[in-house]
Amino acid sequence: MASQQQVSAIKGAKVLMVGAGGIGCELLKTLALSGFQDIHIIDMDTIEVSNLNRQFLFRQSHVGLSKAKVARDAVLKFRPHMSITPHHANVKDSDFDVEFFKQFNVVLNGLDNLDARRHVNRLCLAADVPLVESGTTGFLGQVTVHVKGKTECYECKPKPAPKTYPVCTITSTPSKFIHCIVWAKDLLFAKLFGDKNQENDLNVRSSDAASSSEHANDVFERREDEDIDQYGRRIYDHVFGYNIEVALSNEETWKTRNRPKPFYSKDVLPDKLTQLNGNLDKSGATDDFSSVSAMASLGLKNPQDKWSLMECSRVFLEALKLFFLKRVKEIGNLSFDKDDQLAVEFVTAAANIRAASFCIPLHSLFEAKGIAGNIVHAVATTNAIVAGLIVIEAIKVLQKDADNYRMTYCLQHITQKMLLMPVEPYEPDKSCYVCSETPLLLEINTHRSKLRDFVEKVVKAKLGMNFPLIMHGANLLYEVGDDLDEAMVANYAANLEKVLSELPSPITGGTMLSVEDLKQELICNINIKHREEFDDEKEPDGMVLTGWTQAPPVEEEKANGNGASSSNALQVEPVETKKDAELEEIPESSRRKRKLPEDSEGTDVDVSNDVNETKNHKEVEKLDDDDDEDLVMFDDWASASNKKKRLQ
């Protein structure tokens, strides 16, 4: 039973809820049933069919409508006297500035991406409004409390960057199925169906004799006199046959690796393809592109079946044919979407053929879709538990009961007889550049790098500033805003293309830059250190930022050091497709170890029932799962309790 003080705090509170997805639906329901009267909801998403299995406020008839608005309407049916204000918008829009945040007593996050979380964290700090963060991934979840000056902010702990893979691994020496997926999705699919002008690291020259000519045509261009079957086989032979033979010609590469096997369509398939209990006309007889399916054409029904090499080859050619026959208007503008059945079929087939060539185990369409779409299947019960924990912490915050704030972690396996593990919050990190304003150090070649490199790779990609203002002393070098006149815009655009040392106010070794985001009310000071050379493999950005930290990448994948994509690495994005969990590679699990998603990286975390078996008691890094938040797990509860800084 709630005390009178709690009831008063609840009824008088004005709450901002960011996100109306898996956690958001449960949270809004729990807030309403707990007696909260005034709630604002921000969510830019619309309802998709894939949401309906867990986002219980939505129905089939709501598909395509605003999540925030439908959630409001659903709750008002059983709590008609509440005030619920929906905002179908991006929380990063200019309308939601510091002044907007100041009107609320507490902010509750149910977001699905790192960038938006950082943005909300900074606005809450600037507005001095408490933030309750949350996240789930499968059976795991957590709720954390962030109060300015009392607990760590969301960015005090490092967040892992998206995993990246060297292009040479993807194009020449794949060793895991995820490498084949990245190749099929980000290179082959993009080359065939995406923007033709976009840079692509695929070998695009034809194996024909004419390819030695200076004006050899792009092998992926369909010739005027070529029917679709001939075109499909030519693409097949080029990427799975000729390109593999080219790779084999480098003997040095294969001295310590298994040699791949080239595949040509004539060796895998008969001259004329025949349909297997399917109907091509039926699969494409509608304008609804979602119904166009190579599996339907070929009579393949179970997405959990692993196809043979011949079946993969049939699906590859059939899917390519359907794109050109039924969806030709989209070609040139397509990007991979996990909800696009034909795209998933094509990528699955292509990845499996490549995997077979490199002696990598094949995967079913169901498995491949999970990897390509960064999906960890959500558990509605976890969302409900986390929503309840959010409300418990929100009530403590409203009562200013700082001594009882807890970060609570949902575990999959019982540890110390607990499935819910409460931890006292950490104090603010004095070295955090967000809440403590500690200067950063940037090593960069000031004679070679342009201001644009600094803005894109540091200010936006690493510091997460959306509307930056860059100053050197009293000199303004760059600014973003809607109120700039044409002369200023032209001047800043010109500065972007200048080398740092040649700017109107030159940036050299020893320079101190001030970088500010006016909307986030965040200022960072960056000390510049000139450095001539960088390791292309370990430091592909050509610059190193110190003081800005993130969790270390997975060693085996040789992830890009700062998590930014570059010409030397392919990034597996934390795509915002599955709102309760995302994972780039479904890990192998064991009874005692579980590999957690990382933003989308994972770290092996010991979750054994008997924590005393762990001799080396250490705290595991805080992870950012791009669905509904970060997960912190401890090998040993007692050890973690002893080592952490507690609130005073």
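Cβ coordinates are placed from backbone N, Cα and C, and glycine is handled just like the others.
Counting Cβ atoms from all protein chains shown, Cys168 (active site, glycyl thioester intermediate) has 13 others lying within 10 Å of its own Cβ. Annotation source TrEMBL lists active site, glycyl thioester intermediate at Cys168.
Annotation comment: TrEMBL describes 19-24, Asp43, 51-54, Lys67, 112-117 as ATP binding site. Residue density at Asp112 (ATP binding site): 28 other Cβ atoms are found within 10 A of its Cβ, drawing on all protein chains shown.
Remark: Cys435 (Zn(2+) binding site) has Leu125, Lys148, Glu152, Cys153, Glu155, Cys156, Pro428, Asp429 as non-local neighbours, by Cβ distance under 8 Å and separation of at least 6 in sequence. Annotation comment: TrEMBL describes Cys153, Cys156, Cys432, Cys435 as Zn(2+) binding site.
Annotated compositional bias 'Basic and acidic residues' per TrEMBL: 612-621, in sequence order.
Per TrEMBL, domain 'THIF-type NAD/FAD binding fold' is recorded for 6-432. Taken together, the residues of the domain 'THIF-type NAD/FAD binding fold' (6-432) have an average pLDDT of 88.
Positions annotated as domain 'Ubiquitin-activating enzyme SCCH' by TrEMBL: 329-369.
The annotation domain 'Ubiquitin/SUMO-activating enzyme ubiquitin-like' is assigned in TrEMBL to 442-534.
If you look up TrEMBL, you'll see 554-630 marked as region 'Disordered'.
Each of the binding-site residues Cys153, Cys156, Cys432 was scored by how many other Cβ atoms lie within 10 Å of its Cβ, and the smallest score goes to Cys432. Sorting each residue of the domain 'Ubiquitin/SUMO-activating enzyme ubiquitin-like' (442-534) by its DSSP state yields 24 helix, 30 strand, 39 coil. Cα spacing between Cys168 (active site, glycyl thioester intermediate) and Gly19 (ATP binding site): 39 Å, rounded to the nearest whole number. Residues Cys153, Cys156, Cys432, Cys435 make up the record's Zn(2+) site, and a Cβ search at 8 Å around their centroid adds Leu125, Glu152, Tyr154, Glu155, Pro428, Asp429, Val434, Ser436 from the same chain. With helix defined as DSSP H, G or I and strand as E or B, the domain 'Ubiquitin-activating enzyme SCCH' (329-369) counts 24 helix, 0 strand, 17 coil. Counting only the Cα atoms, the space from Gly19 (ATP binding site) to Cys432 (Zn(2+) binding site) is about 26 angstrom.
Cβ neighbour count within 10 Å across all protein chains ranks Asp43 highest among the binding-site residues Asp43, Asp115.
A distance of 39 Å separates the Cα atom of Asn53 (ATP binding site) from that of Cys432 (Zn(2+) binding site). Here the Cα atom of Gly22 (ATP binding site) is found 30 Å from that of Cys432 (Zn(2+) binding site).
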